[in-house]
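Pulled from Swiss-Prot, these are the features on record:
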type     : residues                               : note
ACT_SITE : Lys98                                  : active site, schiff-base intermediate with DXP
BINDING  : Gly159, Ala185, Gly186, Asn207, Thr208 : 1-deoxy-D-xylulose 5-phosphate binding site
Amino acid sequence: MDELIIAGKSFKSRLILGTSRYPNPQVMMEALEASGTEMVTVAIRRMDLKSDSAENIMKFLDDKKYFLLPNTAGCYTAKEAVLTAELAREALGTNWIKLEVLGDDETLFPDIPELLKAAETLLEKDFVVLPYTNDDPITCKKLSDMGCAAVMPLGAPIGSGMGIRNPYNLQIIREQIDIPLIVDAGVGTASDVAVAFELGVDGVLLNTAVAQAKHPVQMATAIKHAALAGRMAVNAGRIPKKLYATASSPTDDMIEIDG
């Protein structure tokens, strides 16, 4: 599979995995390995960076093997998100940030005015910003024009497992922006990953679909193959959809059969 390039950095895998809600750290590590991912996202506000306890997933993640992408999960204002990003940069030594600014704790949809405000501030502070946003082409174009390194529209609400609910918006976004387009949230199973790539997205970020699967490692393996299949399919070029049938066998020089 061709490489995913974000802000000049190359990744052989086009999958990004989250690190929360796994049964235990061992299952998490096995699932990450099975998925083939090279980038994992960690929620800065939900971990004790100074702790050496078993609950601190940072002690299990090899930063030489995985590119750590901190996120601002749990932030509801631009101010909270900016402060969290600065904490992540200080603690992890990275200026990359997956920017999340939520509107409420029920839908977990992004608060777009606060998101745009936070993105602008972080870009001024020399962060590499990857914003979680809704599947609105206008918002994604604004984020792209501001200088974000990628846009990450939701496929469906976070953790819903509903899959790609609005493929047409994703196609419009794909046509309107030149930076990487990464589906973030809503993926439920391997077929959702394949569909996303067939729509032309550059990457897929998922967490719950793997972490909460009955067999997380097996699901991680499935999404790895789904990503490969979806990306290969879109590069291969599918046939156009048509209302009427077209015979797959040629009709020229057919043997005449007397009735």
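A Cβ is built for glycine as well, from the same backbone N, Cα and C atoms used for every other residue.
Mapped onto this structure are the features recorded in Swiss-Prot.
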{"residue": "Lys98", "record": "active site, schiff-base intermediate with DXP", "DSSP (3 states)": "strand"}
{"residue": "Gly159", "record": "1-deoxy-D-xylulose 5-phosphate binding site", "DSSP (3 states)": "coil"}
{"residue": "Ala185", "record": "1-deoxy-D-xylulose 5-phosphate binding site", "DSSP (3 states)": "coil"}
{"residue": "Asn207", "record": "1-deoxy-D-xylulose 5-phosphate binding site", "DSSP (3 states)": "coil"}
In the structure shown, which of the binding-site residues Asn207, Thr208 has the fewest other Cβ atoms within 10 Å? Thr208
Within 8 Å of the Cβ centroid of Gly159, Ala185, Gly186, Asn207, Thr208, the other same-chain residues by Cβ around the recorded 1-deoxy-D-xylulose 5-phosphate site are Gly18, Ala156, Pro157, Ile158, Ser160, Gly161, Val187, Leu206, Ala209
Integer Å value for the Cα distance linking Ala185 (1-deoxy-D-xylulose 5-phosphate binding site) with Lys98 (active site, schiff-base intermediate with DXP) is 13
Would you count the other C-beta atoms found within 10 angstroms of the C-beta of Lys98 (active site, schiff-base intermediate with DXP) for me? 28
Given Thr208 (1-deoxy-D-xylulose 5-phosphate binding site) and Lys98 (active site, schiff-base intermediate with DXP), what distance in Å do their CA atoms have, once rounded to a whole number? 17
Measuring Cα to Cα across Gly159, Ala185, Gly186, Asn207, Thr208, which the record gives as the 1-deoxy-D-xylulose 5-phosphate binders, how far apart are the two most distant ones in Å? 9
Comparing the binding-site residues Gly159, Gly186, which residue's C-beta has the most other C-beta atoms within 10 angstroms in this structure? Gly186
Round to a whole number and give the Cα-to-Cα distance in Å for the pair Gly186 (1-deoxy-D-xylulose 5-phosphate binding site) and the residue listed as 'active site, schiff-base intermediate with DXP'. 17
